[in-house]
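The structure appears below as structure tokens.
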């Protein structure tokens with residue numbers, strides 16, 4: 001059997017750089033060496049593309065690029081590195097020879113349609129959502145608008161531009177307090193993994209949370225906090241997506257933050273979640289609706305709130321390339337549904353190639 005050549009792209013310029021490295025390590029360890037030849041391709045924080053040697057180890061150790069045994073071209077960016085591969089990547093990693101790419105990238109420049117557009121331009125099969133779905137799924141404001149159009153219920157929320165907050169902070173605070181009540185969650189519109197998110201209970205905390213979020217993005221989403229269970233559903237597929245069993249996040253702190261997700265926090269998970277059959281099925285159906293609402297492909301994780309007092313379900317967000325570490329919910333949800341980690345990767349690669357041929361029709 002001819003092995004498929006799989007390019008694993010990781011790192012990147014976003015605030016989720018370290019998360020990407022953890023996910024990439026797990027993916028590379030899980031790919032069956034009898035089926036695949038793995039070609040690691042790293043992206044530094046300043047956008048340089050690295051290959052040859054061990055770029056993942058180099059980025060993990062924050063080592064000098066000389067560790068790779070070569071000096072990458074200064075300022076190499078997406079289009080140059082991918083399309084003109086001979087000029088920026090060693091011959092043995094010519095991306096034109098790859099059968100498929102897994103962009104194990106989270107956040108801006110990786111999960112937001114940017115790199116997906118590069119792969120489309122270069123006519124390369126890749127795992128995951130296309131340009132449109134990735135873009136909408138990354139921006140919480142656009143995502144929420146798509147969910148509203150699909151009829152999915154959400155908690156009240158407001159979008160704030162960083163410039164408005166910087167020039168008229170008191171007016172912004174008054175608008176938020178008039179439309180929402182404390183506690184609120186303040187989030188950068190274009191980051192995931194709970195990076196830059198704050199739970200705020202008064203105006204002083206709101207000001208601090210706005211400053212934190214504004215450090216990451218020019219668009220800030222502020223949501224109404226509710227007393228709710230956090231439920232997640234994994235999605236797998238293209239035009240006929242399938243949902244996993246629901247799982248519940250049991251955070252040790254006020255909310256499921258970055259430290260709990262990736263730094264061996266105290267958060268626990270219940271998979272499958274303890275839900276009645278009707279609620280479980282409704283969550284799974286809503287997850288599929290959300291995936292289709294953004295024209296998703298390959299994979300996603302859809303997060304929900306289930307209000308404790310009423311049982312009402314609200315969609316929170318969709319993650320178009322969720323974390324893939326050993327601690328991550330997405331592979332755990334599929335394992336509980338009957339699909340192991342390595343088999344999940346096999347299926348994602350098949351879906352990427354199927355979608356590539358579908359686009360070529």
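Positions of Cβ are set from backbone N, Cα and C atoms, glycine also.
Here is what Swiss-Prot records for this protein:
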BINDING   177-232  ATP binding site
BINDING   303, 317  Mg(2+) 1 binding site
BINDING   317, 319  Mg(2+) 2 binding site
DOMAIN    144-350  domain 'ATP-grasp'
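Swiss-Prot feature annotations superimposed on the structure.
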{"residue": "184", "record": "ATP binding site", "contacts (Cβ under 8 Å, 6+ apart)": "176, 199, 200, 206, 209, 222, 223, 224, 225"}
{"residue": "191", "record": "ATP binding site", "contacts (Cβ under 8 Å, 6+ apart)": "14, 15, 16, 107, 108, 216, 217"}
{"residue": "198", "record": "ATP binding site", "contacts (Cβ under 8 Å, 6+ apart)": "185, 186, 205, 208, 209, 212, 213"}
{"residue": "219", "record": "ATP binding site", "contacts (Cβ under 8 Å, 6+ apart)": "139, 141, 159, 160, 161, 162, 188, 189, 190"}
{"residue": "226", "record": "ATP binding site", "contacts (Cβ under 8 Å, 6+ apart)": "155, 305, 307, 314"}
{"residue": "303", "record": "Mg(2+) 1 binding site", "contacts (Cβ under 8 Å, 6+ apart)": "230, 231, 232, 315, 316, 317, 318, 319"}
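Residue 198 (ATP binding site) falls within a strand when secondary structure is assigned with DSSP. Across the domain 'ATP-grasp' (144-350), the prediction's mean pLDDT works out to 92. Under 8 Å, Cβ to Cβ, and six or more positions away along its own chain, residue 177 (ATP binding site) finds 203. Packing around residue 317 (Mg(2+) 1 binding site) is summarised by its Cβ count: 19 other Cβ atoms lie within 10 angstroms of its Cβ, all protein chains included.
Within 10 Å of the Cβ of residue 319 (Mg(2+) 2 binding site) there are 22 other Cβ atoms, across all protein chains.
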